[in-house]
Amino acid sequence: MKLLAATVLLLTICSLEGALVRRQAEEPSVESLVSQYFQTVTDYGKDLMEKVKSPELQAQAKAYFEKSKEQLTPLVKKAGTDLVNFLSYFVELRTQPATQ
């Protein structure tokens, strides 16, 4: 029993000392964190610009946009037609009671 109590006491003291050491440790300043963040964003932007310059990626993007345009054009035309029909239905409803 004494061994168990001593073990628990030792673990408690060690965890408290660890917490104390963590509190006393120097925290990184906000300026260094912001500087590191901007450096990372800048590096990422440079890498992205290098990747965008490749002709293969440009060809893939162009093919994607052309395919999207081919697929969306009929949908947009149908949506426009449906909208005109929908609005004309309400215009006809409004003019109908006036003629009766």
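A Cβ is built for glycine as well, from the same backbone N, Cα and C atoms used for every other residue.
Features reported for this protein in Swiss-Prot:
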type    : residues : note
MOD_RES : Q24      : pyrrolidone carboxylic acid
MOD_RES : M49      : methionine sulfoxide
MOD_RES : S54      : phosphoserine
MOD_RES : S68      : phosphoserine
SIGNAL  : 1-18     : signal peptide
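Feature annotations (Swiss-Prot) mapped to structure.
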residue : record               : contacts (Cβ under 8 Å, 6+ apart)
M49     : methionine sulfoxide : none
S54     : phosphoserine        : none
S68     : phosphoserine        : none
